[in-house]
Amino acid sequence: MTLRLAEHRDLEAVVAIYNSTIASRMVTADTEPVTPEDRMEWFSGHTESRPLYVAEDENGNVAAWISFETFYGRPAYNKTAEVSIYIDEACRGKGVGSYLLQEALRIAPNLGIRSLMAFIFGHNKPSLKLFEKHGFAEWGLFPGIAEMDGKRYDLKILGRELS
């Protein structure tokens with residue numbers, strides 16, 4: 001696996017990986033697939049201090065991605081970021097998530113980040129386990145906040161102090 005900053009040419013692969021998680025109702029609150037055009041503003045909104053990275057497999061294909069995003073958009077929160085990790089279906093369960101989260105924890109202090117947060121559905125046990133394994137703790141809970149297919153789901157906020 002090779003990690004590098006995302007480039008415009010990666011947008012379709014990033015969106016395809018994102019869309020592959022929608023049907024499970026475990027990862028994102030989007031309920032229908034999105035297009036690269038739908039995600040262009042989000043993609044372009046990544047900056048030097050809040051970047052988007054892609055992980056390439058040995059064949060140079062985008063296998064996963066990590067996004068650092070501004071939390072809440074107020075100056076007092078500038079040292080806090082939300083981290084998101086998305087992994088291609090073929091690469092799940094193979095340690096890619098651990099690799100990406102370790103890289104995120106390594107990179108974040110260089111971006112001026114002191115606190116990392118992740119928003120994870122309460123029923124997404126694999127993601128909760130991954131983040132907890134890497135020192136994240138539950139910082140908050142929004143009970144029943146998401147409704148998909150007539151069912152309500154909790155959203156957990158996990159966080160970790162880096163310094």
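Even glycines carry a Cβ here, placed using N, Cα and C.
As given in Swiss-Prot:
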- 1-158: domain 'N-acetyltransferase' (DOMAIN)
- I85, Y86, I87, K94, G95, V96, G97, S98, N124, K125, P126: acetyl-CoA binding site (BINDING)
Surrounding CB atoms that lie within 10 Å of the CB of N124 (acetyl-CoA binding site), all protein chains: 21
Sparsest-packed of the listed binding-site residues (G95, G97, P126) - C-beta count within 10 angstroms: G95
Structural state of G95 (acetyl-CoA binding site), classified by DSSP into three states: coil
DSSP-derived structure type at I85 (acetyl-CoA binding site), helix or strand or else coil: strand
Largest separation between Cα atoms (Å) of residues that the record links to acetyl-CoA, namely I85, Y86, I87, K94, G95, V96, G97, S98, N124, K125, P126: 17
Neighbouring C-beta atoms (10 Å sphere around the C-beta of I87 (acetyl-CoA binding site)): 24
Assigned element (helix, strand, coil) containing P126 (acetyl-CoA binding site), judged by DSSP: helix
Surrounding CB atoms that lie within 10 Å of the CB of I85 (acetyl-CoA binding site), all protein chains: 23
